[in-house]
Amino acid sequence: MDPFNLLSVQRDNGSHWIGAQNPGDFAMGTALLAVTSPPCFLSSANSRHLISTTPVPLLPSSSLTHGKVKSQITKVRSNVNSVSAETKPETETSMTGAAYDFKGATTSLTGEILSSPKKITIVRHGLSSWNEQSRVQGSSNLSVLTETGAKQAEKCRDALVNMNFDVCFSSPISRAKSTAEILWHGKDKPLCYLDSLKEAHLFFLEGMTNADAKKKYPELYTAWREDPSNFHVNGIYPIQKLWGTAREAWKEILLTPGESFLVVTHKSILRALICTALGLEPERFRAVDVNNGGICVFTFNKRGEAMLQALNMTAHMYSDHVYQY
């Protein structure tokens, strides 16, 4: 057992105790048992605030005298008192728990300083009629929210009941618009429709079943499924174009006054929003996926740099789970 393996830890109630870094370091007849009540492991849920990692020599059982143990406790308390809190960045409050900031982790999506940090919750629309029929949807307004999709939207609304959003942004396309209206029902805050949240336009493939599209346009359909960033029709590259649309949407959203926003949109543009926020190129289009009714959460600092906090949360689809973040 390593005699320099103790940590001084502060409990939530402000009291201090000594804990062992490894469970195997507990042994009968050691000074640890004499000064620890209760013992605290570094991995314990109770030891949330690490105050000092200064090693404290463990006294052998032969040295368990009142004076020596008292001396060791005094040294630990001295170490605790001498530790100063780390200074948070002067210009910004930490938003990430253990991390004080995430400057430079991603590229700014606004190119200018925001009025405040932002939290953005993004929801993919509920199940649509063309989802059910396995048809290529794209930007068509003919695919509508189904009864199942409406129930999914209600589950999203219930799961987010504890969240306070300043504004809801939505695609104006029917299936997303209907989802947003259910999510935002009864609220007196703005519901804004952005063309930049529309789904990618997929030309004559829209409305076709995937099976028919694959049969009638095998090369084009294969490119769409397997190499979407290079998929093109008449010289237009929908996914590459979608990256520019996503950046436009982010700028519109992030420069809006407020601190917490809800966004309702479609899978392809949602993928583009995620990738552009994280600095990923169109080649990574299919590297992420979001289910109908799936929820994603981003935090942005004042520089407009993103941190992805949650991807495709779906617990609420299968339970009465309520989110709090």
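Each Cβ is built from the backbone N, Cα and C atoms, and glycine gets one as well.
Fair warning: this is a prediction, and the values are worked out from it, not measured in the lab.
What TrEMBL records for Arg124, His125, Gly126, Leu127, Ser128, Ser129, Trp130, Asn131, Arg175 is substrate binding site. For Arg175 (substrate binding site), the same-chain residues that are 6 or more apart in sequence and have a Cβ closer than 8 Å to its Cβ are His125, Gly126, Ser128, Gln137, Ser143, Val144, Leu145, Gly149, His266.
When Cβ atoms from all protein chains are considered, those within 10 Å of His125 (active site, tele-phosphohistidine intermediate) total 31, not counting its own. Marked as active site, tele-phosphohistidine intermediate by TrEMBL: His125.
According to TrEMBL, the active site, proton donor/acceptor annotation covers Glu199. Sequence-distant neighbours of Glu199 (active site, proton donor/acceptor): residues of the same chain at least 6 apart with a C-beta under 8 Å from its C-beta are Gln137, Gly138, Ser139, Ser171, Ile173, Thr265, His266, Lys267, Ser268, Ile269.
Taking every pair among Arg124, His125, Gly126, Leu127, Ser128, Ser129, Trp130, Asn131, Arg175, the residues recorded as binding substrate, the greatest CA to CA distance is 15 Å. Counting every protein chain shown, the number of other Cβ atoms lying within 10 Å of the Cβ of Ser128 (substrate binding site) is 25. In sequence order, Glu132, Gln137, Ser143, Val144, Leu145, Thr146, Gly149, Thr179, Asn292 are the same-chain residues whose CB sits within 8 A of the CB centroid of Arg124, His125, Gly126, Leu127, Ser128, Ser129, Trp130, Asn131, Arg175, the residues recorded for substrate being left out. Taking the Cβ of Trp130 (substrate binding site) as reference, residues of its chain lying under 8 Å away and at least six apart in sequence are, in sequence order, Val136, Gln137, Ser140, Leu142, Ser143, Gly207.
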